[in-house]
Amino acid sequence: MSAYIIETLIKILILVAVFSALGGFATYIERKVLAYFQRRLGPCYVGPFGLLQVAADGIKLFTKEDIIPQGANKFIFTLAPIIAMVSAFVSMAPIPFFPNFTLFGYEIKPLISDINIGFLFFLAVGAAGIYAPILAGLASNNKYSLIGSARATIQLLSFEVVSTLTILAPLMVVGSLSLVEINNYQSGGFLDWLVFKQPLAFVLFLIASYAELNRTPFDLLEHEAEIVAGYCTEYSGLKWGMFFLAEYAHLFAFSFVISIVFFGGFNAWGFIPGGIAILIKAGFFVFLSMWVRATYPHVRPDQLMNMCWKIMLPLALLNIVLTGIIILI
């Protein structure tokens, strides 16, 4: 077995382990953030400052009985959370999380694969995760799950179109689909960040990413007041945990990608080293998603579709045309 294969396997194991752990810890952070906005304490009983609440929740999750409803398609019911997990973690393959560094005289590239269509790969594999809620809803033999999967189809497909068109303008400016090249394009300094050249693309992509991530106010797939837990209604134990980890893994992936594409990525930020800079940026966007959840109410499905097709899509197309004209001039 070659050194390259061994290195890649080690990177994959580290990526899955780190982001699985971060997914669990993110629940604690989100509960604390929401509690702060709502003037509550949040988790505070299990361990100092409630830090061991994550471990307690993990033990409870793994010891719960794994129930499959009567009349459900067992194979597809089991396959759906696996698709969600695989889609979330495989989409991270082209993301450069940190600048290259040397360890014991060996240069380490902190990404799985630097492919020249990295951004397209990220969007395509992430979009494949749409099959998880669709199959989960269809296989559960539950009306609420079925409604949730139908909402997943219209919401995720609609916003996948918007996010893809939105990101075309920044890619036209850079001239590459590689996330490493996009990062290097902004290495000149603060004013080279693409957010200043493509502010409309940033806003549209951020909104579309929240819709794709099923984050409030766009969590129509599992709206508690209307359809219980949506496509997850019949899931429990480890299978439910896989959906939950996949959702947070997608959140971290989008936070890193937004930081790389629009905010200079892992380039040094003044006196702040690049590795720390990208952690600050990605951490801010994770926090922003929690802030939005605490601030905005749910939207109706018709409002969401109107915003997608009548507002965001025309703006994305207009941005592409204007960017093309500016490049030609």
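The chain as shown is numbered from 1 upward.
For all residues, glycine too, the Cβ spot is worked out from N, Cα and C.
Over in Swiss-Prot, the protein carries these features:
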{"type": "TRANSMEM", "residues": "9-29", "note": "transmembrane segment"}
{"type": "TRANSMEM", "residues": "42-62", "note": "transmembrane segment"}
{"type": "TRANSMEM", "residues": "75-95", "note": "transmembrane segment"}
{"type": "TRANSMEM", "residues": "117-137", "note": "transmembrane segment"}
{"type": "TRANSMEM", "residues": "154-174", "note": "transmembrane segment"}
{"type": "TRANSMEM", "residues": "188-208", "note": "transmembrane segment"}
{"type": "TRANSMEM", "residues": "238-258", "note": "transmembrane segment"}
{"type": "TRANSMEM", "residues": "269-291", "note": "transmembrane segment"}
{"type": "TRANSMEM", "residues": "309-329", "note": "transmembrane segment"}
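Remote same-chain residues near the transmembrane segment (9-29) are listed as 43, 50-51, 53-54, 57-58, 89, 92, 110-112, 244-245, 248-249, 251-252, 286-287, 290 (criterion: CB distance under 8 Å, separation of at least six residues from the stretch ends). Highlighted: of the candidate stretches 42-62, 117-137, 154-174, 238-258, 309-329, 117-137 has the greatest count of Cβ pairs under 8 Å to the transmembrane segment (75-95). Count of Cβ pairs under 8 Å against the transmembrane segment (154-174): among 42-62, 117-137, 269-291, 309-329, the largest is for 309-329. Counting Cβ pairs closer than 8 Å to the transmembrane segment (238-258), the top stretch among 42-62, 117-137, 188-208, 269-291, 309-329 is 269-291.
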